[in-house]
């Protein structure tokens with residue numbers, strides 16, 4: 001596995017076991033509970049959580065337990081977000097962690113919890129608890145267990161998303177779920193990444209934050225940030241190898257980027273995979289803000305759906321971004337054709353062929369050296385259908 | 001006309017004449033050039049323009065001429081935005097104003113210009129200039145001329161939008177066009193409002209800014225602000241009546257609000273008219289920001305389209321807004337049913353009937369006394385169709 005390998009994931013690294021089971025939380029009877037256990041010897045852990053002020057109970061719980069920078073396990077359920085459920089919802093999360101701790105002979109403080117599904121409904125706790133018992137019995141290392149865990153967290157995802165990468169005696173693997181960055185109803189973004197590299201908690205935390213900033217946080221399907229978004233990383237140290245920090249950071253970023261590519265490709269209603277790169281901004285942050293403004297603009301997104309190189313809409317969106325530039329210097333290149341040059345008409349827009357799945361937009365503001373890329377999708381009939389035709 | 005009267009508009013007030021003609025700018029042969037002339041005796045004028053950094057040539061021109069706070073005429077065209085057209089585009093706008101000035105015996109500095117249509121293309125200036133000649137010959141006061149002018153500025157609008165209101169011997173009337181707040185391609189928002197009240201330029205400017213802030217600027221169809229958005233007000237003083245400032249401001253706001261209601265009802269792909277009111281914010285500005293976050297969220301908008309009282313999506317959107325509040329205090333009421341109370345499940349969501357055209361969302365943050373309302377629409381299949389199926 002010197003290259004990314006999507007046939008395995010969260011239980012690929014030494015020291016980790018996983019399970020994915022049907023606990024009966026989903027009415028469909030599909031897999032709905034995943035358990036990831038770190039058998040050590042190390043227990044370093046780090047997490048990145050939603051910035052939404054409305055945080056689900058499992059987010060509040062996991063933020064709290066991760067102040068120790070140590071985890072033995074993560075339990076995840078689909079079929080319910082446990083968000084906007086008040087003190088009772090928080091007690092449910094606590095009870096879930098207690099149940100996992102009992103089964104593993106650990107403390108509740110060693111267990112993170114993630115949930116995804118409809119907001120505002122309590123979880124069926126009998127099903128959750130019996131699901132933990134079943135999952136604990138099925139814990140195993142390797143590809144089959146990785147796939148089951150990745151499958152159990154799916155909501156509107158059409159397929160499980162996982163990847164793994166090995167380098168110099170150590171491995172990083174993980175899964176992610178999410179069919180929109182924002183879909184508190186059904187498509188919260190959750191990810192667990194594991195490694196057997198011998199990295200301590202501060203190093204893991206720094207590498208995770210750096211990787212998330214340029215991978216998960218650069219995917220913007222529909223502009224929202226859910227109540228449950230969570231990425232958790234755990235390091236077992238079981239390989240006995242302490243990697244070069246830069247090599248570890250690079251590998252972790254590669255794993256996260258591969259998971260994000262899978263999220264983008266399976267976003268709700270997606271027909272186009274759009275990459276928007278802004279160069280020449282005053283700062284990298286302004287470049288990302290400008291790219292995000294295009295990624296979120298419904299007129300740009302419907303034009304992408306229509307395979308229409310409509311650069312005027314892109315100019316409008318960039319002009320509304322919190323980004324300084326001279327409109328007379330704006331260049332816009334779509335799939336290699338510079339359709340807008342120096343703020344005006346460039347090459348003939350009909351030369352830009354957008355009929356394929358991949359669309360690349362390159363914007364140069366000529367206002368500095370800041371750059372940034374945001375990945376997004378189009379706004380299609382299928383997106384509207386998927387998000388309007390269901391009753392909650 | 002003590003009540004709003006949509007049978008007339010921009011040429012209802014004394015001292016104004018208008019025309020709307022087919023100049024040949026649009027390939028369809030439809031009306032595409034409007035001319036509004038103020039015969040005085042007063043020439044007070046004020047304008048409010050797009051905040052987009054990418055401003056169309058006519059916006060740059062009109063901002064410049066309005067530094068005098070005086071106008072004799074406004075000329076408007078559909079069929080081309082004259083945005084991202086460089087120095088040549090600005091020269092085209094200047095030449096248009098010169099042409100109108102020649103015909104009227106005025107100076108170019110007395111003429112504002114507005115354009116709407118596709119970004120990035122030059123205007124056919126021969127057609128524009130001959131259109132001005134035709135329009136000048138057809139200038140007339142009253143209902144028929146008002147309607148022609150309101151029709152000539154339409155793009156994807158399905159019908160002209162105008163209104164007028166008379167009080168105590170003076171009248172305010174106007175038109176607006178726009179099928180989205182943001183659609184630089186085809187649906188820029190333009191409006192001209194005229195009055196025969198004897199108000200001076202500072203009073204007109206203050207009243208216009210106040211009215212626009214709570215009417216045009218509170219409509220948010222798709223989150224964008226176009227390169228051409230313009231509202232211009234002109235006062236002829238021909239009634240000889242100087243109204244009470246508060247009465248004038250109230251009437252001007254009523255006229256603007258009626259135009260906005262027509263814009264909302266005719267937005268691209270609209271099937272729902274949604275009013276989002278936030279109360280209990282720290283400030284009015286935070287209330288508006290929170291309401292706007294809901295108005296722009298595609299998951300909320302698709303839920304409105306689906307007649308789905310999906311309050312979890314609204315909680316998510318409010319949680320992402322730049323607004324301080326305690327999530328445990330959040331109340332959400334949809335069409336009179338408080339579906340979310342104290343941050344959790346409230347009354348049964350099935351009691352909220354959203355099958356009609358009008359949807360009212362009331363959000364209470366319980367964090368202060370700030371309030372604000374934003375009007376929006378749903379995100380429908382027709383919106384996607386209208387904005388993706390056309391080639392630019």
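If you go along the chain as it appears here, the first residue is 1 and each next one adds 1.
Note: Cβ is positioned from N, Cα and C throughout, glycine not excepted.
Curation does not apply to TrEMBL; its annotations are automatic.
For reference, TrEMBL has these:
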ACT_SITE  A:188  active site, nucleophile
BINDING   A:155, A:177, A:188, A:268, A:387, A:392  substrate binding site
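For the binding-site residues A:155, A:387, the ranking by surrounding Cβ atoms (within 10 Å, all protein chains) places A:387 first. Those binding-site residues from the list A:155, A:177, A:268, A:387 that have a Cβ under 8 Å from chain B Cβ atoms: A:387.
Ranking the binding-site residues A:177, A:268 by how many Cβ atoms sit within 10 Å of each one's Cβ puts A:177 at the top. For the recorded site, residue A:155 (substrate binding site), the DSSP three-state label reads coil.
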